[in-house]
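Quick look at what Swiss-Prot annotates:
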ACT_SITE  SER98  active site, nucleophile
ACT_SITE  HIS123  active site
Amino acid sequence: MSLVPVVVEQTNRGERSYDIYSRLLKDRIVMLSEEVNDVTASLIVAQLLFLEAENPDKDIYFYINSPGGSITAGMAIYDTMQYIKSDVSTICIGMAASMGAFLLAAGEKGKRFALPNSEIMIHQPLGGFQGQATDIGIHADRILRIKKKLNAIISERTGQSIEKVEKDTERDNFMTAEEAKEYGLIDEVFTKKK
């Protein structure tokens, strides 16, 4: 059972209650606090599109605490972040691993942040396939193409060479918030909200 807090606001028309995520959305805050999958991606994409339609000139604040997940679902979020006119500021709270770290780096340059005790982890895409040898070969080629594409995007987002990104994503690569800043995945470590 999932518990979602309700917030009650006083207005001149009386009281109004919201679930906490709807209330945060009013302040242009989007949360990813679970695995990236088709359902979470659909919700996040819808929120990004809604906020851009509401005011394309105002920033959107995307808070990330995620172990990662589906590459295709994550790429739907990534593409939407790049497509919309609104700047998307990303903030790591807790952990941004795998696709979570990729989305963290996808924020508007200069507006990518992490809290001081956050942890960021990058690695190569994972895949497990079974079936006929020909089909396994097709899937292996696909995952190698995806790996190359993700590494190129990380290289572009961080300023690191493609060779360094390839080496650094060969295995799980955990970083503190400060290390992620040095690497170029984020721009600043927050200790207090500005």
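Every residue gets a Cβ built from N, Cα and C, even glycine.
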Sequence-distant neighbours of HIS123 (active site) in its chain (C-beta under 8 A, six or more apart): SER98, THR169, GLU170, ARG171, ASP172, ASN173
Cβ packing number for SER98 (active site, nucleophile), 10 Å threshold: 25
